[in-house]
Amino acid sequence: MALSLTVNGEQRSLDIEGDTPLLWVLRDELGLKGTKFGCGAGLCGACTVHLNGQPVRSCSTPVEFAVGGEVTTIEGLAEDGQLHALQKAWIAKGVPQCGYCQSGQIMSAAHLLATNPAPTRNDIVAAMTGNLCRCGTYSRIIAAVESVAGGPLAYDASAAGEER
Ligand code: FES
Ligand code: FES
């Protein structure tokens with residue numbers, strides 16, 4: 001079936017079944033390997049991309065949901081040859097370890113800052129809670145997001161519950 005969607009600002013036409021997971025379209029049809037397969041069940045966040053500005057789990061989003069829509073992957077986050085501020089912060093803070101989860105982490109963080117440019121630490125923890133990292137980079141992720149949001153922010157542990 002012929003489908004058309006916009007990926008990283010470029011219109012793409014595909015001949016593919018509509019129930020194919022968006023993740024496989026991105027990786028296998030379009031060669032965008034930055035988005036990762038983790039659990040395949042919507043549970044880990046490794047496959048997070050933006051669909052019409054909202055973060056979605058591409059492993060469990062049929063490509064037909066994206067028809068006529070705009071998809072942004074980690075490859076599309078940089079603009080005019082400049083890395084996104086979060087990508088720079090990730091480098092500056094040395095966030096990644098194995099790196100496998102980090103595309104999804106950055107895409108979730110990018111959505112947070114797009115909708116809330118000055119998040120509290122509680123906001124950051126809440127926004128990132130669905131993105132798992134087996135290497136345990138959580139504290140550096142928070143520090144990197146805070147650095148983009150304007151530096152360390154107050155953290156109310158009692159309001160946020162236990163920090164990961
Ligand atoms: S691979 Fe999609 S949520 Fe885990
Ligand atoms: S950096 Fe290894 S899983 Fe997150």
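Cβ coordinates are placed from backbone N, Cα and C, and glycine is handled just like the others.
When pLDDT values are averaged over the domain '2Fe-2S ferredoxin-type' (1-77), the model yields 97. Among the features that TrEMBL reports, domain '2Fe-2S ferredoxin-type' is placed at 1-77.
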Secondary structure tally of the domain '2Fe-2S ferredoxin-type' (1-77) (DSSP, helix then strand then coil): 18 helix, 25 strand, 34 coil
